[in-house]
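What Swiss-Prot lists as substrate binding site is Arg24, Gln25, Ala26, Gly27, Arg28, Phe43, Asp74, Tyr149, Ser204, His319. Residues or ranges marked as site 'Transition state stabilizer' by Swiss-Prot: Asp74.
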Amino acid sequence: MSERKVMTVLNGKTVTPPPIWLMRQAGRYLPEYRETRKSAGSFLDLCYNPELASEVTLQPIRRFGLDAAILFSDILVIPDALHRNVSFSEGKGPAMDPIDISGIEKLDASDVMAHLSPVFETVSRLRTSLPDETTLLGFCGAPWTVATYMIAGHGTPDQAPARLFGYQEPAAMEKLLALLAEVSADYLVAQIDAGADAVQIFDSWAGVLGEKEFEEYAIKPVARIIASVRARRPSAKIIAFAKGAGYLLRDYRRKTGANAIGLDWSVPLSFARDLQKEGPVQGNLDPMLMVAGGKALQDGIDAVLQSLGQGPLIFNLGHGITPQADPENVTRLVQRVRSVGGAG
């Protein structure tokens with residue numbers, strides 16, 4: 001079997017040039033995705049259709065030859081499986097029934113895995129469809145980020161509703177995060193059992209938290225997920241991405257036990273290099289460079305490679321690729337990383 005380069009890095013080794021994949025690499029910037037999406041019905045229908053979900057997962061692999069495929073799904077399938085009436089509307093994003101204390105008391109996780117069984121079928125299909133050398137990544141949302149949507153009922157600019165709820169109802173918040181951690185760990189184990197080589201935990205809203213809350217809401221629940229997964233699957237490889245965490249990332253790595261940490265584009269490369277001394281890092285090109293292209297893109301790629309290319313690095317963006325990105329810029333990115341990534 002060919003070597004899966006992402007897995008080599010997750011084992012703490014340096015690969016030259018570094019492997020590359022992109023968060024949200026299957027998405028609206030690709031014309032083939034938009035075509036498939038049209039035939040799926042709703043966005044959640046696409047997530048729960050193994051044939052179409054595996055097709056859109058494979059599209060960027062076919063087009064760009066990336067080193068990893070990431071399961072096409074959404075972090076909000078967990079609240080959907082908890083019967084929170086999740087929906088997605090064009091231009092408005094996700095919505096669901098906002099949860100309160102009594103709703104948290106009534107949450108029933110008994111049929112979550114059955115509800116998510118199409119996702120596991122998608123993972124199984126992908127493992128048989130992907131080239132041998134391509135790493136298959138599963139994922140889930142971190143409890144804090146998922147909770148922000150559950151509490152507000154939709155996305156908000158600074159997650160004020162969830163932050164306020166945490167201050168006013170700390171016991172209920174703790175209960176919600178604990179349940180989400182438990183369900184998420186089961187979900188990741190099932191993805192690994194279905195064929196995922198490694199998994200990523202996305203904490204997209206970690207950056208709105210103060211230091212104390214970051215410890216309680218970002219670090220502890222993710223550490224709980226990782227410990228639970230490892231108790232059952234000791235060799236599991238896990239990437240944890242806490243967007244906006246800044247200098248708290250050092251604590252985050254040490255306390256969660258993640259094999260690699262994802263870095264957003266605001267993390268200074270000098271600090272990223274320090275973090276890399278403790279283990280693999282993933283990131284951290286600004287997604288806007290995939291829209292801008294040109295010299296700005298080339299300089300951005302080279303800066304990341306120059307700073308981080310001599311250690312264990314999975315090259316990625318600092319957050320998801322945007323719908324405005326030019327697919328040609330992804331081609332240029334992959335070519336540049338593979339030609340320059342071995343130099344220096």
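Don't overthink the numbers, they just go from 1 along the chain as shown.
Glycine too: its Cβ is placed from the backbone N, Cα and C atoms.
Sequence features annotated in Swiss-Prot and their locations in the structure.
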residue	record	DSSP (3 states)
Arg24	substrate binding site	coil
Asp74	substrate binding site	coil
Ser204	substrate binding site	coil
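Those residues noted as binding substrate (Arg24, Gln25, Ala26, Gly27, Arg28, Phe43, Asp74, Tyr149, Ser204, His319) have their most widely separated CA atoms at a distance of 23 Å. Other Cβ atoms within 10 Å of the Cβ of Asp74 (substrate binding site) number 17 in total over all chains.
Sparsest Cβ environment among the binding-site residues Arg24, Arg28 (other Cβ atoms counted within 10 Å): Arg28. Annotation for Ala26 (substrate binding site): spatial neighbours Tyr33, Val56, Thr57, Gln59, Pro60, Ile70, Phe72, criterion Cβ-Cβ under 8 Å with sequence separation of six or more. Cβ environment of Ser204 (substrate binding site): Ile75, Gly141, Thr145, Phe241, Lys243, His319 lie under 8 Å away, each six or more residues apart in the same chain.
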